[in-house]
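Now, the feature entries from TrEMBL:
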- Cys129: active site, glycyl thioester intermediate (ACT_SITE)
- 25-34: compositional bias 'Basic and acidic residues' (COMPBIAS)
- 36-45: compositional bias 'Polar residues' (COMPBIAS)
- 45-191: domain 'UBC core' (DOMAIN)
- 1-45: region 'Disordered' (REGION)
Amino acid sequence: MSGRAAEQANRPTAEENDNTRASTLKRELRDKKGGTSRSPKTLSTAVKRIQRELAEITLEPPPNCSAGPKGDNLYEWNSTILGPPKSVYEGGVFFLDIHFPTDYPFKPPKVTFRTRIYHCNVNSQGVICLDILKDNWSPALTISKVLLSVCSLLTDCNPADPLVGNIAAQYISNREEHDRIAREWTRRYAT
């Protein structure tokens with residue numbers, strides 16, 4: 001066998017190359033995402049959707065909001081919301097974490113406040129009580145719409161469905177004191 005023929009015989013076939021690339025990609029994705037295997041179809045659907053939403057939010061961010069990935073991880077984002085004008089949160093800059101599940105948009109993102117906030121629908125761990133982040137989630141919703149809903153919650157809280165009962169009770173029974181404390185927390189933690 002000539003040197004050239006031997007070289008060609010030792011080369012992997014196109015099919016073997018594709019299998020090797022696919023295995024490498026699967027391994028890299030599994031390692032990057034914490035060691036669990038995920039179906040490539042779900043992963044690609046989530047990645048495509050998140051990339052599209054990133055492009056949209058970059059070009060047309062919701063009013064008083066910004067958001068984008070933490071480093072090169074598309075599934076983990078940082079977000080900033082400016083306290084809405086004429087609200088008790090006016091002048092505040094609120095930082096949030098956004099985590100997209102691998103089956104996004106079929107499951108809602110997890111959105112939490114990193115900045116402390118005095119609000120009956122946000123607990124001390126930053127968890128937000130918002131129906132579209134739970135039972136009323138729809139794949140038609142986007143992260144831009146979620147951020148708009150969070151902004152709306154800062155303008156009009158929902159004491160009928162509180163996460164922090166004593167703040168909701170205060171909002172209903174002593175609005176002046178509630179607003180004073182919310183403004184103080186905004187000044188202390190969000191400026």
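Please read every residue number as a count from 1 along the shown chain.
Note: Cβ is positioned from N, Cα and C throughout, glycine not excepted.
Values in this document were obtained by computation on a predicted structure and should not be read as measured data.
The domain 'UBC core' (45-191) scores a mean pLDDT of 97 in the predicted structure. Residue counts for the domain 'UBC core' (45-191) under DSSP, split into helix (H, G, I), strand (E, B) and coil, are 55 helix, 31 strand, 61 coil.
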